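Undergrad: Dropping a structure here in structure tokens format, bear with me for questions.
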Amino acid sequence: MVLKKGVKFFQRLINSKSLRFGENYEDDDLVNSDEVMKKPCPVQIVLAHEDDHNFELDEEALEQILLQEHIRDLNIVVVSVAGAFRKGKSFLLDFMLRYMYNKDSQSWIGGNNEPLTGFTWRGGCERETTGIQVWNEVFVIDRPNGTKVAVLLMDTQGAFDSQSTIKDCATVFALSTMTSSVQVYNLSQNIQEDDLQHLQLFTEYGRLAMEEIYQKPFQTLMFLIRDWSYPYEHSYGLEGGKQFLEKRLQVKKNQHEELQNVRKHIHNCFSNLGCFLLPHPGLKVATNPSFDGRLKDIDEDFKRELRNLVPLLLAPENLVEKEISGSKVTCRDLVEYFKAYIKIYQGEELPHPKSMLQATAEANNLAAVAGARDTYCKSMEQVCGGDKPYIAPSDLERKHLDLKEVAIKQFRSVKKMGGDEFCRRYQDQLEAEIEETYANFIKHNDGKNIFYAARTPATLFAVMFAMYIISGLTGFIGLNSIAVLCNLVMGLALTFLCTWAYVKYSGEFREIGTMIDQIAETLWEQVLKPLGDNLMEENIRQSVTNSIKAGLTDQVSHHARLKTD
């Protein structure tokens, strides 16, 4: 435990080179944990363990930030930036910090020769941020409606680097989306189809972890397209981004079902969708290894659009307060939500996402189907298995319906990817398989009924007896051709009976035995049973008629006696 706390402290220290905003501290400066929390700096609250690819919440650091007396009961606004690694997320957040510290100034963006400090960032091709970091100074802002809110800025580990699995990327993105009120999805140059598919996977992983699923579980998603190179098609900024996003997320009838599902999923996950097109910052930024964020090295187009973007997210009138399940979230509440969510991702309840949501969802649902079907089969074996006696068909059907409902409830209780519509197909598959299994249990149970087992020989014997009687009668009155035909049928029935007995005794020629059973079943259902039912119905009708006649006769006799008297 002491070692873990030490590791956490040094990770916070390493990620906090700029302890005071605007000042740079040397790496070898010794700063205790209390000083770190007093000075503005990035603090890692979700630690990424590369050895086992697990994540750990630094509860102490999070509580020190969010449970300060002056902010803990304020509603919170969480602005997070997520996306692929080495795409300038931390760089953007540092300009957000400049705005938060100087929002009342027209020149909040800073001076031309002022280095960019705050969240640690650098040029190059290797990742910088791991896990999830937040700025340890929570900004208290007065809203136009007179209320105060707390604003927290969040930086996330870049996705798809060489050291992170798909599960790592999904966990970080899902956690940041679940806990933020505005998620900035940082992309380079364009919105490609794989960007949308990854977004679908990551948001589904977040939706799955939430206990109650509402129609739109997340709040605002802002697509930020960096290095936009087509201003002649869609202009820089919010309006051009809106037009571009509408085209990208449009659901068309001639689209493949997979493409339609991705777009429907994104629309169903977020209450608000936006897009901002940002130009390239310039060659000096991209190619100069010593670039430190000075505005003089950044192109004017980029600076102009940056002045529009940051207030769009952080101006008091534009702030989006965090809500979960329709209720506002305070700083104190957010601590508890972080604790609850991280436990879910540390456990084994959730399926591990793969490269495509569809594959994971199919495997997940098929496993749920198999488990529910197995539960049904084992329970039915206890009712009418091989060592159980014959059970009345009505009782068997009642047990079947009860156990089927149990199996469906089990299927529904399993956490599944894909959404209700996708899972419904697998529930239908489960119900169909259960009905097929039930049909086999019916046959198995009927085989234990001595009368059912004797149905084939009884039917054949009845045919032989009927043919014998008819043959005798027709021969007596001179209809020899009919008598010969009846004798032929009687001989055929006797042959079937002997063959059936041999098959049952020896176990050979089972196909022939099955065919004889089917013939006997058809004769029973189509001829003998209806004939017997008609005879019984006629007998019952005759009995009722006789009873009515007898009753009427008694009444007439009774009235006649009364008149005589």
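Residue numbers in this text run from 1 along the chain shown.
Every residue, even glycine, has its Cβ placed from backbone N, Cα and C.
When I checked Swiss-Prot for this same protein, it listed these features:
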TOPO_DOM  1-458  topological domain 'Cytoplasmic'
BINDING   Ser90  Mg(2+) binding site
COILED    238-266  coiled coil
REGION    356-447  region '3HB (three-helix bundle) domain'
REGION    448-456  region 'Linker'
TOPO_DOM  503-565  topological domain 'Cytoplasmic'
REGION    529-565  region 'Autoinhibitory domain'
Undergrad: Check the DSSP secondary structure of Ser90 (Mg(2+) binding site), expressed as helix, strand or coil.
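TA: SS state of Ser90 (Mg(2+) binding site) = helix.
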Undergrad: Give the number of CB atoms, excluding that of Ser90 (Mg(2+) binding site) itself, located within 10 Å of its CB.
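TA: Taking every protein chain into account, the count is 21.
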Undergrad: Across the coiled coil (238-266), what does the mean pLDDT come to, as a whole number?
TA: 90
